[in-house]
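Copied over from Swiss-Prot:
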type     : residues : note
ACT_SITE : Asp151   : active site, proton donor/acceptor
COMPBIAS : 333-342  : compositional bias 'Low complexity'
CARBOHYD : Asn61    : N-linked glycosylation site
CARBOHYD : Asn69    : N-linked glycosylation site
CARBOHYD : Asn70    : N-linked glycosylation site
CARBOHYD : Asn86    : N-linked glycosylation site
CARBOHYD : Asn146   : N-linked glycosylation site
CARBOHYD : Asn200   : N-linked glycosylation site
CARBOHYD : Asn234   : N-linked glycosylation site
CARBOHYD : Asn402   : N-linked glycosylation site
REGION   : 36-88    : region 'Hypervariable stalk region'
TOPO_DOM : 1-9      : topological domain 'Intravirion'
TRANSMEM : 10-30    : transmembrane segment
Amino acid sequence: MNPNQKIITIGSVSLTIATVCFLMQIAILVTTVTLHFKQHECDSPASNQVMPCEPIIIERNITEIVYLNNTTIEKEICPKVVEYRNWSKPQCQITGFAPFSKDNSIRLSAGGDIWVTREPYVSCDPVKCYQFALGQGTTLDNKHSNDTVHDRIPHRTLLMNELGVPFHLGTRQVCIAWSSSSCHDGKAWLHVCITGDDKNATASFIYDGRLVDSIGSWSQNILRTQESECVCINGTCTVVMTDGSASGRADTRILFIEEGKIVHISPLAGSAQHVEECSCYPRYPGVRCICRDNWKGSNRPVVDINMEDYSIDSSYVCSGLVGDTPRNDDRSSNSNCRNPNNERGTQGVKGWAFDNGNDLWMGRTISKDLRSGYETFKVIGGWSTPNSKSQINRQVIVDSDNRSGYSGIFSVEGKSCINRCFYVELIRGRKQETRVWWTSNSIVVFCGTSGTYGTGSWPDGANINFMPI
């Protein structure tokens, strides 16, 4: 090859390499521009598809940086659309309950500014669990805490903190309320808050931090609600409310709410004679509630809510080991599934239970007469067999020498099933402990487990002699 041919060959190869490099740079530039300007194509609808007019809630918007040959490419990850909860997964199969949370509010009140509360409960959004309670408008070490044994005053407010965080001075006051219920529909919180005169109270419906609707007393006799979480399925939330006598016939209605707006009201139907303070849980496609009969029965009423056609049915828990306090001893207590047992039916306490096939998981005070101690167990046939009394898997939550109080259920959705959890109110102060002038509580929380577990007792634990008077 002569010198001229060598020069031509080298030039051709160099030109080819330069051309390839140039084309590669153009390709990289085109890719960068295309990725940057095609963000709108994330989850883009098919052609001619009608898009909804309402806004779509975006949970997060993350930019991922990819480095390629010293060239930065920004790739927009498609945002996640927040959806309504439907609770369609099966209920978790459990062997019992394991400790989950305890806030120690009364013990902490001995040396800190902690709210005076009662009627606590727990509810969860899709990410976190929160504890709620009705505050008395005062901290414990405060003269305003005197005589806080009373249920209904205009200063009571609904408090909300992350579960396990006591109600300190920085706690958010969600609304004015001496009776309440809260639940999260998957997009935002709904709070049902009742306050006002005993004979003409108002229930406010607050959704996503805004007052959306309200309803006044319909029987002019202490309008009241669950004191535990409501339940939302596919954007419709339901809450049980009662107005009328606490020891005679009352008017119970089941309200259906969508994004804070009342869309339907159904009267109570079925055989339940008196219904208060229901503990409700999702039982897809409906909702089931275990309530308090403060008139005729120490066996607990059951309210079944059809979320599709708004129909209601009611009955009583079949278990002959009844759940209310006061009650007969277990040898003489009864329940026939349909009617109140007329056994020490007046008075009572908020409680919970839930069905497990034909069986029943339930909790109750250990004392049959007082709000003392707390136990859980499973009743074989307790959901389907009248007067069933075969008990297994008993656990002591609070020993019988210590005070308890209200209790209620809340549900937590896992990857494959829905777990049932419960809380126990641990009341301290008046009326039983007369050294002090206040009445308040702490809580302990347990959740269902498929594992093994040990034993113990988890009372409030405050030494009343250390407490402010």
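Any Cβ shown, glycine's included, is placed from N, Cα and C.
Here the features listed in Swiss-Prot are painted onto the structure.
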residue : record                             : DSSP (3 states)
Asn86   : N-linked glycosylation site        : coil
Asn146  : N-linked glycosylation site        : coil
Asp151  : active site, proton donor/acceptor : coil
Asn200  : N-linked glycosylation site        : strand
Asn234  : N-linked glycosylation site        : coil
Asn402  : N-linked glycosylation site        : strand
How many Å lie between the Cα of Asn402 (N-linked glycosylation site) and the Cα of the residue listed as 'active site, proton donor/acceptor'?
22
With DSSP as the reference, give the number of residues of the compositional bias 'Low complexity' (333-342) in helix, strand and coil.
0 helix, 0 strand, 10 coil
Where Asn146 (N-linked glycosylation site) and Asn200 (N-linked glycosylation site) are concerned, what is their Cα separation in Å, rounded?
26
Rank the glycosylation sites Asn86, Asn146, Asn234, Asn402 by the number of other Cβ atoms within 10 Å of each Cβ, and give the residue at the low end.
Asn146
Specify the nearest of the recorded positions Asn86, Asp151, Asn234 to Asn200 (N-linked glycosylation site), where nearness means the distance between Cα atoms.
Asp151
Determine the mean pLDDT over the region 'Hypervariable stalk region' (36-88), rounding to the nearest whole number.
54
Ranked by the number of other Cβ atoms within 10 Å of their own Cβ, which of the recorded positions Asp151, Asn200 ranks first?
Asp151
Determine, to the nearest whole angstrom, how far the Cα atom of Asp151 (active site, proton donor/acceptor) is from the Cα atom of Asn234 (N-linked glycosylation site).
34
Cα-Cα, Asn86 (N-linked glycosylation site) versus Asn234 (N-linked glycosylation site), nearest Å, comes out at 5
